[in-house]
Number of protein chains: 2
Amino acid sequence: MSMYTASSLKSELNDRGWRMTPQRETILQIFQNLPKGEHLSAEDLYNHLQQMGEKISLSTIYRTLKLMARMGILRELELGEDHKHYEINQPYPYHHHHLICVKCNKTIEFKSDSVLKIGSKTSQKEGYHLLDCQLTIHAVCPACQRAISPL
Amino acid sequence: MSMYTASSLKSELNDRGWRMTPQRETILQIFQNLPKGEHLSAEDLYNHLQQMGEKISLSTIYRTLKLMARMGILRELELGEDHKHYEINQPYPYHHHHLICVKCNKTIEFKSDSVLKIGSKTSQKEGYHLLDCQLTIHAVCPACQRAISPL
DNA sequence: TATTTATTGAGAATACTTTTTAATAACTCC
DNA sequence: GGAGTTATTAAAAAGTATTCTCAATAAATA
Ligand SMILES: [Mn+2]
Ligand SMILES: [Mn+2]
Ligand SMILES: [Zn+2]
Ligand SMILES: [Zn+2]
């Protein structure tokens, strides 16, 4: 749960016998510069890259997202849509959680030190090495409460 | 976040112009009787039903799982596999959270009153109607920390 | 620089989930 | 209780996100 740079990522990859590539560096940069509150799907990232003139294949994007999520660099989020979203996994005090409307998927971010503490305490107690902890609140937003619901 | 019975489910469905069916009642019962710590995928549920001699189609299962999740009766869980898992959404003090190994998907359940409080406080503050809150901790279990990792 | 092999890109394949359709059956209102 | 309305079901087809395959490329290492 610390900050990554291109070179620290390279070190960690090389230590495990893996390789740093321009594709991985580019993807890391995009997430590092992503505005607060934005979350990218694989397809979003693909489009984002195309607009920048970068050509990275969808296969590579999927592979890289999964790799970085398992390394703890990215967080994999379920925001109620039919695909995963990703964002950079920031340490305290930028670490945050999500409140999601199950009907319209509107998402609000919020912080909580105590959740972070519970996460590290719990993983420590079980001997797990912590990568990320996310509190996801499923609820119905004010607008959807008023709407006559088709589901 | 309260306990459902077949008749309370029927009432809530009818209030919205929907219908109670034997399929929905059967599926509710299965989740109510599921052993602590067990989570079912759509396919798991389908097989479970077949063994009971019940014939409910996969489409109906998918529809019912989504319906009950949106109603707050079931929790939809991402346990690291390529499909969703479901369990009954129990109120305090049975409500719990999950610690997941990102490498082998081993899952441990744990309780936390304070997370529950944060969940209700946060949703209330934003005017959201709370359905469920889940703290998901992504980590590496002791066994996988020792293993030479292919990823 | 040469060697090794992890990684990439393109497309094919897979797997999960949703949609479509006609038939059925729950609910409502007499 | 019975008739009418329409939500729900089963089965199959379709859709879509994600993974896999494989030959070509290029990072790491010495
Ligand atoms: Mn976020
Ligand atoms: Mn559970
Ligand atoms: Zn909403
Ligand atoms: Zn593990």
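The first residue you see is number 1, and the count goes up from there.
Cβ from N, Cα, C; glycine included.
All annotation found in TrEMBL is predicted automatically rather than curated by experts.
Annotated Fe cation binding site per TrEMBL: B:His95, in sequence order. Under the three-state DSSP scheme, B:His95 (Fe cation binding site) falls in the coil class.
The Zn(2+) binding site annotation in TrEMBL covers B:Cys101, B:Cys104, B:Cys141, B:Cys144. Cβ neighbour count for B:Cys144 (Zn(2+) binding site) (all protein chains, 10 Å cutoff from its Cβ): 17.
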Exercise for the section: Specify the count of other C-beta atoms within 10 Å of the C-beta of B:Cys104 (Zn(2+) binding site). Expected result: 13
Problem - Which same-chain residues, if any, lie at least 6 apart from B:Cys101 (Zn(2+) binding site) yet have Cβ under 8 Å of it - result: B:Gly80, B:Thr107, B:Ala139, B:Val140, B:Cys141, B:Cys144
Exercise for the section: Express the distance between the Cα positions of B:His95 (Fe cation binding site) and B:Cys104 (Zn(2+) binding site) as a whole number of Å. Expected result: 24
Completion exercise
Mapped onto three states, the DSSP assignment of B:Cys144 (Zn(2+) binding site) reads helix
Handout entry: Chain A neighbours, filtered from binding-site residues B:His95, B:Cys101, B:Cys104, B:Cys141, Cβ-Cβ distance under 8 Å
Key = B:Cys101, B:Cys141
